[in-house]
Every structure is written in structure tokens, then in C-alpha cells.
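Following: one structure in C-alpha cells, then a few remarks.
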Amino acid sequence: MMPLPRVSPRAWLPMGGVLLLVLGMGAMENPLWAIAAPMTATIVGYVAFVRQLHRRVGDGLVGDLAFVYLGFLVLYTVVPGVVVFYGLSSDIAGALEQLLPSAAETGRQLWRQVLFGAMFAVAYLAARGTAQLPTVAVADPGWRRPRTILVAGALVFACLFALIAFSAPVESYYEHYTRYDHLGWTTRKFVSLSLRLSFGLYCALLTFLYLDARRWSRFIPFVVLALAAFEIGYSRGARIQGLIVLLMAMVLHHLTRRRITMRQLAVAGGLAVAAFTAIELVRLLTDVSDARDRLLEGGLGPPAEFLAVFLPSLHLYAERAAGTLPAAPWPMFFFDFIALFTWGDFTKYMPMYWYAETYFPFLDVPPFTIGPVAESALWGGEWDIAVRGLLNGLFFAWIVRAFLRFRDRWWALGVYAYCYATCALALKYSIFVNVQLVEKNLVPAFLLVEGTRMLMRRRLPRLA
């Protein structure tokens, strides 16, 4: 068992002093400080966490699960604060005007997200251990990788072909979510299975490519960009799956080939944010010419994605404070565990669908996701946030420790890369959403690859 590290109190004193100063400023009557204080605390706290984590993992920092996870939380906290603080325009920011939150209410909601991140950081640092993430080298188990890559690639193609073949014609981002509504129950379940398998097969294919990167170094960029482009085009502008593909490639590169530096990450992150913001602008407008005119007039606004965690949280806590929050069905509290034993996408007790049916029954698809901070308003409030943050930190620390234990297995590398790439979904859905993703996406895909490969090995023993 890995020994738990001791955190020196002196390491936190400088950051603690800054936080106390910020808290004092936040107590001033100036309403802008009510927003600036949690924003500053988020950034300072993240810097302190990264410094402490870097002392343990060294140049493996970028590949650590908590590094990227809390980085996303910083964006989901700071961007809404900047939108309110500076009054920036955004297509989704108009919802803030409808909610009419005061600066104090906005600040309190941002502090709730700071609380969640702080509890996560404490639990993660306490439970993760001090072991560094090594460069992974998986021994060849006796089968030839070209055959395995051929199998994984063929299965990916088959799944994507099924998704396209059964789809109704769609012209917009919102129509994408109803493209299979015309199908019968059996066919829709088959499409759902194909969709989930495709996500897992992406991971398997990229894992095998990076484990033999010397042979496939020229082929890897083409595969990564092709998969990301397909996901964005297929979904008519939804960026999450494209981002997941890019993050999987990044962490696999970091763990199998060459360490990624902070400077490289900053450049790549800036380019990705600009590109994804432009994609959002194009998808919300009628055509590319409208998007160009909008860009010339107002420039790139803040990505609406980074308001998706804040807005429903603000709304539900406002309802809670006013005493008008509807009672949620109690099975919804256990949705993470119920979903493990259901077929495909189970939405009956999913918080996101309850929220849409309660407040937006006229919409075909839910306008927002409901993450742990928003869901806490339905149950225990701020105490609920603290507990969820602690559990989230312990769970992610367990994922890292499990990967370190089984790092010489290809499937362990694939699971870790997938959890790393999808960690932001824990902020948007649930702290245990990765369990569902591994069970329903990765496990069937990995078993399918292994079963098909073994069958081909018996029938085509000379295939290289």
C-alpha cells in the first residue's frame, strides 16, 4: 500500500494569507468584490494545489487526473464571474438577465463551486499518494498489433456506418438530438449500443496506436483529427466528444511518448478554446457568413459551455432560497447506482431530465445539465456540496492509484486515458459518472475487440 504523504503547513501559509485578504475584500459593500473574491480564490487555490501536486509528480503533472479536472472547475467558475463582472455578451448569458441575480447572489454561487473544489483538493491530496505517473510501456502479449489495430479500426467504421445509416436528415445542432426519434424501440437500442461502442472503440484504437507509436507516428495525427472532426460534424457543432478524443490523445502521448510541458499545454489550450468558440458561433447562426459578420462586430464571446454548470446551480439555489423548489423523487438521489443496472441511456430518474420536465417542459431536449453543485440544492445544500467534493476527490485518487497498480496492462492505460478525457463530465452530471462510462462504453468495446481479435487469430493466423 502506498504511504500517504504529509502536507507541510508552511506550504499553505502564503496562499492562505492571500485568501484571507480576498475574503476581507469580498466582505466590502462594493458588489463587484462579491464576484471578484471567489474568482480570485479559485485561481489562487488552483495554483496552490498545482504547486503541491507538482512536488509529488514532477514532470508527470499534466497527465494527472486532478490537474485537468480542477482546471476545468476553474474555467466553470471564473468564466461566469467574468461574464457578470465585465458584462460580456454571450448567447447563453441572456439567461442571467432572466434570473436577475444580484452581485451577492452570483458571488455566493461562485463560492459554492469554490467549496466543492476545495473539498476535492483536500481529499485528493490526502488519498492519492506520492507515486509519480511513469512512462508506460506495455509488453507485447503475443499478438501482433497491426492485426489488433485493423480489428479496432474496422469496428469503429462499422459503428459509425450504423449511426449514419439509421439517422434521419438533420440540419441543425438541436435537430441532432432527435435524429433517431423516428426509429422503433429495438432499432433505437441498437443505435444506442453502436453509439456507446464507438466511444469505447475510439479509446481502444488510440491506445493501441500509441503503444506502438514508433510504427504509427505518421498515422496517429490523421486518426485523431479525423475522429474529432467526425464527432463535431456528426453532432452539428457539439464539441464535447471531439474534445474527449483530443484529451485522450494528449494524455496517451504524455504517458507513452513524450512529456507535455505547461507551455505546450497553454498554447494548445488557447487554440482549442478559440476553435471551439468559433464552432459554437457557427452552429448557433444560420450560416458561415452570419458568423463572420458577428465575429467582426463583437469578436469571440465567452464560450457558453463554461456557463452550463453555473446557470442551473444558480437557478436551483435561488428556488431553494425562495422556498419554491419542487420536491424531487427520492430515487433520483441514487441515480448513479440505478443507472449501473439499466440498459443503455436511463433517463427516468436522471436529474437533468427532471430539471427539464419541471422548468422547461416545452423543450424537446434538456437545455442544461445538472452536476453535483446544482443537484446539492435539491438535497442538503452546502453540506451536500462539501460531502460530494470529498467523495469526488477520494474516487479520483482511487482511479489514479488503480492505474499505477496495473500500469503494465493495456486496458488499464485505456481506462485511465478515458477517465482523464471524460473527467469534466463529473462537473456536468455526477461525481460517479465515470463508473457508468467505463461500464457501458469501455468494457463492452474492449471485450468486443479482444473477442474479434481472438477469432481472427484462429482463422487468419498469418495476418500481420
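Don't overthink the numbers, they just go from 1 along the chain as shown.
Using N, Cα and C of the backbone, Cβ positions are placed for all residues, glycine too.
Predicted, not measured: the structure shown is a model, and the values here were computed from it.
Quick look at what TrEMBL annotates:
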- 12-28: transmembrane segment (TRANSMEM)
- 34-53: transmembrane segment (TRANSMEM)
- 65-89: transmembrane segment (TRANSMEM)
- 109-127: transmembrane segment (TRANSMEM)
- 148-170: transmembrane segment (TRANSMEM)
- 190-211: transmembrane segment (TRANSMEM)
- 218-234: transmembrane segment (TRANSMEM)
- 240-256: transmembrane segment (TRANSMEM)
- 300-318: transmembrane segment (TRANSMEM)
- 325-344: transmembrane segment (TRANSMEM)
- 385-404: transmembrane segment (TRANSMEM)
- 411-431: transmembrane segment (TRANSMEM)
Interface check, the transmembrane segment (385-404) with the transmembrane segment (411-431), three or more C-beta pairs under 8 A: yes
Other parts of the chain folded back onto the transmembrane segment (109-127), taken as Cβ under 8 Å at six or more residues beyond its ends: 4-5, 7, 35, 37-39, 41-42, 45-46, 49, 52-53, 66, 69-70, 73-74, 76-77, 80-81, 101, 309-310, 313-314, 317, 372-373, 376, 382, 385-394, 396-398, 401
Top Cβ-contact partner of the transmembrane segment (411-431) among 148-170, 190-211, 218-234, 325-344 (pairs under 8 Å): 190-211
Recorded stretch, among 148-170, 218-234, 240-256, 325-344, maximising Cβ pairs under 8 Å relative to the transmembrane segment (190-211): 148-170
Beyond the flanks of the transmembrane segment (148-170) by 6 or more, those residues with Cβ under 8 Å of it: 176, 178-183, 187, 190-191, 194-195, 197-198, 201-202, 204-205, 208-209, 212, 216, 227, 230, 234, 236, 445, 448-449, 452-453, 456, 463
Long-range environment of the transmembrane segment (325-344) - Cβ separation under 8 angstroms, sequence gap at least 6: 189, 192-193, 196, 316, 319, 350-351, 354, 358, 377-379, 430-433, 435-436, 439-440
